[in-house]
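Below is one structure, written out as structure tokens, with a few remarks after it.
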Amino acid sequence: MTETINTAAQFPSFEKPTVQFNEKGWGPCELPDTFKDVPYQPFSKNDRLGKICDWTNTSNNDKKYQNKYASSFGTGNQYSYYHEEDETTFHLVDTARVQKPPHQRGRFRNMRNSRSGRGRNARGGLNTHGMTTLSGKNVKARDPRHGRGMGKKFGHRGPPPKMRESSVAVRADWASIEEMDFPRLIKLSLPNIKEGVDIVTCGTLEYYDKTYDRINVKNEKPLQKIDRIVHTVTTTDDPVIRRLSKTVGNVFATDAILATIMCSTRSNYSWDIVIEKVGDKIFMDKRDHTEFDLLTVNESSVEPPTDDDSSCNSPRNLAIEATFINHNFSQQVLKTGDQEPKFKFEESNPFISEDEDIQVASVGYRYKKWELGSDIVLVARCEHDGVLQTPSGEAQFMTIKALNEWDSKLANGVEWRQKLDTQRGAVLANELRNNACKLAKWTVQAVLAGSDQLKLGYVSRINPRDHSRHVILGTQQFKPHEFATQINLSMDNAWGILRCIIDLVMKQKDGKYLIMKDPNKPIIRLYDIPDNTFDSDDSDDGEGDDEGFQQVYNYAHNKI
């Protein structure tokens with residue numbers, strides 16, 4: 001008997017599904033109820049769908065790349081992740097604080113380091129020279145305060161920076177020819193400039209007193225007020241340059257004017273130089289009755305002096321004080337007297353006549369020339385302040401300058417009476433930071449003159465509140481070329497800046513021009529000015545042109 005096998009019961013049946021036909025596009029015409037209201041976005045398996053949370057460190061790097069977790073397959077952003085700050089718990093808090101004077105800022109810094117276990121020479125602590133040391137290459141990356149654009153002025157509630165005034169008021173009839181920014185000037189270079197050749201030597205020098213080399217903090221010496229005439233004659237008023245301009249050279253200047261131009265990239269204060277072009281000759285002059293010959297104080301400091309003019313610590317009064325100290329120090333350290341030997345050059349002082357019976361400062365003048373290429377011959381008057389006789393009997397010429405301490409607490413400086421004998425390098429490094437332009441100009445003047453030594457004196461106030469009495473705390477000497485290397489002063493760059501300005505003026509027509517450093521920007525501008533500008537009979541002279549120096553001390557502009 002054969003049994004009938006029911007194949008339909010043993011195998012599942014296949015039901016034909018209903019397929020919707022979409023005449024207008026791809027995909028089904030209707031969505032099932034289970035997939036309704038569900039967002040859809042095209043995606044790729046390479047997309048990053050999430051991020052590991054880090055609750056221990058808040059970083060600002062994601063703000064720059066907010067779309068790095070977005071889909072790279074489509075244009076939708078349904079599932080994109082954005083790192084946003086939670087502002088639900090944000091409240092305004094008064095963070096204003098009283099502005100402390102400069103000498104009180106950071107007074108507990110060492111105490112905080114000691115409490116946190118960061119002592120001297122420890123990791124991240126202070127070394128023996130008082131400088132903070134940070135180990136590791138990515139220290140700034142681990143500190144959120146060092147983020148880009150963060151931490152520099154965070155929480156700053158101080159007054160806005162004071163705008164400096166221009167050295168001369170720019171008039172409406174002045175035409176601006178060229179603007180030279182410092183980044184461009186720093187890249188200039190004019191190598192292989194040989195040493196200047198002497199043309200004429202004038203004046204009389206006194207010998208240096210070596211007893212001043214033994215002065216220290218414990219054996220200080222008062223600074224004397226010496227009544228001597230110091231001539232600061234500009235280029236066109238120099239009778240020797242007038243004589244030489246007929247036969248030698250086509251660019252004429254003084255060492256002070258050249259040093260100002262060569263070190264212009266280190267200057268912050270405004271200054272100006274008048275240039276007159278006559279045919280193929282250029283004469284660089286300073287204006288009369290200006291502050292060009294005053295020595296700046298803390299010009300390159302982080303917090304330069306900004307007191308009112310009535311204060312003895314105002315920028316102008318400090319400059320007059322520094323000039324007063326520098327002139328007196330350069331004469332006090334010399335052996336004076338009728339019986340003392342003197343070094344005489346070929347010609348006498350060109351700024352005094354034979355019948356004049358006056359006390360003239362010890363200054364030797366060298367009129368030198370340099371070949372700058374392209375038929376440009378520079379003639380300049382350089383100066384020596386003294387002469388030193390070596391044991392072999394050879395005469396070494398000196399450039400003598402003085403650094404002055406006015407108030408170390410207000411100047412954020414180093415206390416000289418505590419550090420000068422034991423850490424003189426730290427004192428000099430601090431002065432290089434605060435007076436970079438002034439020291440660079442002194443070095444350039446010594447190099448141009450061919451001085452064998454650059455003698456620096458350290459002069460301080462007896463009382464920080466008394467700006468009329470000073471003491472000498474020590475001296476230090478350098479070779480000008482070696483000191484230029486120490487302060488990162490490139491003479492090739494200095495010659496390049498000077499040559500750039502000479503070339504610009506040579507391209508102009510005959511007339512009068514003015515170079516001015518912008519008081520608030522690192523820019524030098526060249527102006528074309530009328531020929532009668534700054535003349536003595538010009539009643540509409542610039543602001544402050546007819547104003548002499550303030551009589552803070554009992555000496556005139558050219559008298560110590």
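For all residues, glycine too, the Cβ spot is worked out from N, Cα and C.
The feature compositional bias 'Basic residues' is assigned by Swiss-Prot to 100-121 (among others).
Positions annotated as compositional bias 'Basic residues' by Swiss-Prot: 147-156 (among others).
Taken from Swiss-Prot, the feature phosphothreonine covers THR128, and the record attributes it to similarity to another entry.
The region 'Disordered' annotation in Swiss-Prot covers 98-166.
Proximity of distant same-chain residues to the region 'RNA gate' (291-305), defined by a Cβ-Cβ separation under 8 Å and at least 6 residues beyond the stretch ends, is recorded for 102, 167, 232, 256, 260, 266-269, 271-272, 313-316, 318-323, 326, 404, 406, 410-412, 433-438, 549, 557. Look at Swiss-Prot and you will find 291-305 tagged as region 'RNA gate', backed by similarity to another entry.
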Residues in the region 'RNA gate' (291-305) grouped by DSSP into helix, strand and remaining coil: 0 helix, 0 strand, 15 coil
Model confidence over the region 'RNA gate' (291-305), averaged pLDDT: 90
